Amino acid sequence: MSWNNNSSYQQGYPPSSYQPVHSSQPYAPSNYGPPPGPPPDPLFTDSKDAGTGERFKPKKKLNDPFFLAFFILTVLGFAAVSGVAIHDWIQHGGLGGGVGNGKQTGTSVTLNRHTVYLLLLVTAAALLLSATYLLLVRAFTSTIMHITLILSIAANVGICIYYWITKYWSGAIIFTVIAIFSLLSYFGYRSRIPLASLLLQVVMDVSKHHISVYIVAFTALLVQAAISVWFVFTAIATYSKWTPNNPSCSTRGGSTSCSSGTVAGLIFFETFSFIWISQVIANVALATLAGGAYGGWYYFGPREAGMMPKHPTLSAFGRASTLSLGSIAFGSLIVTILELIRMLLDAARQSANDDGNPVGACLACCAECCVGIIESMVEYFNRYAYIEIALYGKAYIPAAKDTWRLFKDRGIDALVNDSLVGMTLTWGAYIVGMLSSLFAYLYLRLTHPAYNASGQYTAPVILFAFLIGLQCSLTTSSAINAGVSTIFVGLGEDPQVLAERAPALFQMIADTYPQVVQGVPHNV
């Protein structure tokens, strides 16, 4: 099937299929104006603001300044520790070596410049793989959604079987419940694929008319990759500089600052900083996209209609990176703390297993599972709160309250939870991560770096490559997720607008969830 740049969503097509047709305007009929239905909301002030209210007119107020200051201090602290560690590490030959020519390269003391080239190449490969996956999703949306649904169920069953075979009883019991639940829910999820598929196609077709979507996504991707590489080498340099008996430590006049406790404390701070910074980068990109191209398309129509404000993405980025940065940092901090707790519980579980303590391992596993579920729910909830922040310029707490109202009023939460878009993009991220780790493994095998002569660094390098590929793909797909989430928020606030923008999608939603298209009452 070929896709035309002037594709639109016209009424009259079967709700189970999406077919592009030629039109003078993309996405919707050419007769733009206030959507049919109830009278305009009291917040409307003129015809251009119909359907938008106070959206895109946020108050110029610095929100959540305490968390903004805390975030800035954390970034500066991470930069200071990193600068000291990496400077000392380079002075002691930490960046020896090069790309390699099939012979032993670099020194055998620690990771070196050879690894820098490796991680840069992994990042480039992850970028290419992520873009390729999005193209495949656009071309074969429904098929890939079916595949990822089956893969999700198969993964749950496979993990369950593996844990029973290895006699990891606590994990086996938990994943048995998860596997049974996923099997029972298969047919319900499968029946919802047409709606999710059409929604994803709408978002991807909107994004191809706004190059700013890809600029924001790939800029965030490159920044995220740079932060990942920075963190990796900061951690390596920290181990090298402060681990007792290392050459760089012993030459410092016998200073007592070199200790396992110092290393553990610095690594914990660096990990906390890395996770928080990564979260903020991704969420600033989300708010920029929601308040820019996607929000502008939903409330003002395509650019050709002449209703969209000038440079909406640039304006949205300006708000997200200044006035709303404290609110975004606030929400990101909650997820960061939960992620750290989950990592600590995972370490406790592994320690209990090593000590032969099945009761402790089971308790730690259950706690880790509960924290993981809470973390996923908070991340999911925050995504919509950030969209409220982007559209209204609210502080985090008011945005969270309005998001909760949006989720609970008239069943909008049922529609949100039925979306399979996130599952599809997440599986793509795992595939990109695995291919990136395979690339790193082959690179090590072909270049034979001296530091890895006995293979002791193969596992950590492959792990880092997987994490970089995973994070890069998730950052790229966040551009699509932003569009999906923005449509859901717009649907909850002003559903009749979607009837103008994407009639086929609106009709399918109305047929499946008639209570949702009634909208949520506005607070005047």
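The backbone N, Cα and C atoms fix where each Cβ goes, and this holds for glycine too.
If you look up TrEMBL, you'll see 7-31 marked as compositional bias 'Low complexity'.
Annotation comment: TrEMBL describes 46-56 as compositional bias 'Basic and acidic residues'.
Look at TrEMBL and you will find 1-56 tagged as region 'Disordered'.
Feature annotation from TrEMBL assigns transmembrane segment to 65-86 (among others).
The transmembrane segment annotation in TrEMBL covers 116-137 (among others).
The transmembrane segment annotation in TrEMBL covers 144-165 (among others).
Long-range contacts of the transmembrane segment (171-189) within the same chain, counting only residues at least 6 positions beyond its ends with a Cβ under 8 Å from a Cβ of the stretch, are 149, 152-153, 156-157, 159-160, 163-164, 365-366, 369, 420. According to TrEMBL, the feature transmembrane segment maps to 171-189 (among others).
The feature transmembrane segment is assigned by TrEMBL to 210-233 (among others). The list of residues near the transmembrane segment (210-233) in space but at least 6 beyond its ends in sequence, with Cβ under 8 angstroms from a Cβ of it, reads 82, 86, 89, 111, 116, 119-120, 123, 126-127, 130, 270-271, 274, 277-278, 281-282, 284-285, 288-289, 292-294, 297, 303, 313-314, 317, 464, 467-468, 471-472, 475-476, 478-479, 483.
The feature transmembrane segment is assigned by TrEMBL to 253-273 (among others).
Look at TrEMBL and you will find 280-300 (among others) tagged as transmembrane segment.
Here TrEMBL flags 320-341 (among others) as transmembrane segment. Tertiary neighbourhood of the transmembrane segment (320-341): same-chain residues 58, 60-71, 268, 271-272, 275-276, 279-280, 283-284, 287-288, 291, 371, 374-375, 378-379, 382, 385-386, 389-390, 393-396, 399-400, selected by CB-CB distance under 8 Å and a gap of 6+ residues from either end.
According to TrEMBL, the transmembrane segment annotation covers 420-444 (among others).
Among the features that TrEMBL reports, transmembrane segment is placed at 450-470 (among others).
A contact between the transmembrane segment (253-273) and the transmembrane segment (116-137) is absent, since fewer than 3 of their C-beta pairs, 6 or more residues apart, lie under 8 Å. Annotation: stretch 420-444 has the most Cβ pairs under 8 Å to the transmembrane segment (116-137), among 65-86, 144-165, 420-444. Non-local neighbours of the transmembrane segment (65-86) in the same chain are 94, 230, 233-234, 237-238, 240-242, 266, 269-270, 272-274, 276-277, 280, 325-327, 329-330, 333, 396; each lies 6+ residues outside the stretch with a CB under 8 Å from one of its CB atoms.
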